[in-house]
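Chemist: Questions regarding the structure given below will be posed in turn.
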Amino acid sequence: MNRFIDRVVLHLAAGDGGNGCVSVHREKFKPLGGPDGGNGGHGGDIILEVTAQVHTLLDFHFHPHVKAERGANGAGDHRNGARGKDLVLEVPPGTVVLNEKGETLADLTSVGMKFIAAAGGNGGLGNAALASKARKAPGFALIGEPGEAHDLILELKSMADVGLVGFPSAGKSSLISVMSAAKPKIGDYPFTTLQPNLGVVNVGHETFTMADVPGLIPGASEGKGLGLDFLRHIERTSVLVHVVDTATMDPGRDPISDIEALEAELAAYQSALDEDTGLGDLSQRPRLVVLNKADVPEAEELAEFLKEDIEKQFGWPVFIISAVARKGLDPLKYKLLEIVQDARKKRPKEKAESVIIKPKAVDHRTKGQFQIKPDPEVQGGFIITGEKPERWILQTDFENDEAVGYLADRLAKLGIEDGLRKAGAHVGANVTIGGISFEWEPMTTAGDDPVLTGRGTDVRLEQTSRISAAERKRASQVRRGLIDELDYGEDQEASRERWEG
């Protein structure tokens with residue numbers, strides 16, 4: 001059984017960037033070949049693309065978790081890692097993309113439009129790209145950045161010109177079936193239609209689309225019946241058509257009270273909308289009234305009697321038809337086409353943009369690229385935020401002392417160490433950047449040259465109380481029983497207390 005799904009939550013994870021490579025060129029008769037580690041590949045993006053071949057969000061309902069391909073790691077001999085393959089998700093026209101807060105990120109209305117739903121992470125630089133005059137053979141590389149991971153909400157709003165609204169069993173499905181090639185389910189019981197139906201109406205050489213939404217009842221805005229969720233499919237319509245059942249025998253119902261009840265529910269739905277569809281308020285949208293089931297003699301007599309009263313009270317054109325007998329359809333078609341064409345002329349032309357990218361603020365000045373704030377949870381601690389320092393933290397291999405020293409140089413050059421001094425930070429203060437906390441020990445002042453040191457090491461770290469990678473490795477071997485606990489080298493005796501502590 002086909003299911004119509006018009007709202008889903010996607011859990012997206014773009015591809016992580018590949019890691020850079022640490023490699024030194026080795027060749028006969030070339031003792032100083034230099035670094036030749038390649039860069040990691042960019043992680044794959046997750047892209048939403050509009051296609052006419054898809055009409056529902058059903059696939060995402062069953063497969064909401066989506067992950068793109070990771071970028072390949074770099075290799076020696078200057079070989080860069082391959083870029084992760086982009087993952088393209090096909091969506092139907094009229095798909096609206098929202099974030100977790102309900103804010104609209106993109107409105108995908110035209111076939112071919114694309115939206116980058118989650119961007120892949122940048123690949124890490126290899127040691128060849130990190131080489132400089134001061135650091136000619138880096139013994140480290142940068143780690144690939146993680147891809148974006150977040151949840152997005154997709155909502156489908158039908159791209160119809162005409163929207164049919166009415167009580168259950170008013171004949172909306174019958175009307176769309178005789179005016180177009182649509183084949184909706186039709187029955188003589190309430191709520192036969194459980195999903196929107198879309199049909200194309202031909203009028204001479206012109207066409208327009210018509211949407212039939214499930215029936216409304218008084219109190220739908222409070223969740224009665226099928227509620228108002230399906231009304232999102234008439235938000236884009238140029239004209240609304242009230243389909244009224246003139247043959248109903250329900251007590252307390254008549255055509256005028258039916259119209260008033262439906263208008264009250266539409267007003268309740270409009271008040272709940274927090275975005276502009278570009279077509280104005282639903283209450284200002286042109287309306288028509290269709291008095292259906294004129295094939296029943298009593299119903300036709302009632303329709304003729306009330307037609308003038310409805311036109312005077314509401315000011316809308318009124319048509320008496322019979323969908324079953326195909327009576328009175330042509331005048332209705334031509335009137336709807338006239339209103340739709342007029343609305344199309346007034347509608348602003350869409351810009352031919354195939355790709356939509358979320359805008360991001362870019363500050364090319366050094367000042368303002370980071371912020372230092374007191375840590376509310378740690379006495380005397382600080383939290384540093386900013387795109388660059390948080391990204392650099394993710395790129396750093398903290399098992400490599402030289403990589404940590406390189407990070408310190410970058411942070412100092414950005415002005416963070418000077419900023420911490422001005423903020424009143426003391427040596428040993430707890431500093432948090434991008435979820436990583438460490439004790440602050442000033443190493444470099446802004447503008448100083450990098451410290452020359454051996455590959456994979458940094459002499460500044462040896463002068464501090466920081467446990468080195470070699471010490472951590474030996475402590476791990478002791479815990480696993482691979483070496484004797486008292487088997488320390490002469491140069492490591494001083495660190496024994498730190499291991500045990």
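Glycine too: its Cβ is placed from the backbone N, Cα and C atoms.
Just lifted these from Swiss-Prot, have a look:
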DOMAIN    2-159  domain 'Obg'
DOMAIN    160-341  domain 'OBG-type G'
BINDING   166-173, 191-195, 212-215, 292-295, 322-324  GTP binding site
BINDING   Ser173, Thr193  Mg(2+) binding site
DOMAIN    362-442  domain 'OCT'
Chemist: When you put Ser173 (Mg(2+) binding site) at the centre and draw a 10 Å sphere around its Cα, which of the binding-site residues Pro214, Lys293, Ser322 have their Cα inside it?
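Modeler: Close binding-site residues: Pro214.
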Chemist: Report the member of Lys172, Lys293 (the binding-site residues) whose C-beta atom has the most other C-beta atoms within 10 angstroms.
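Modeler: Comparing the binding-site residues Lys172, Lys293, the most crowded Cβ belongs to Lys172.
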Chemist: In the three-state scheme derived from DSSP, which category covers Pro214 (GTP binding site)?
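Modeler: Coil, per DSSP.
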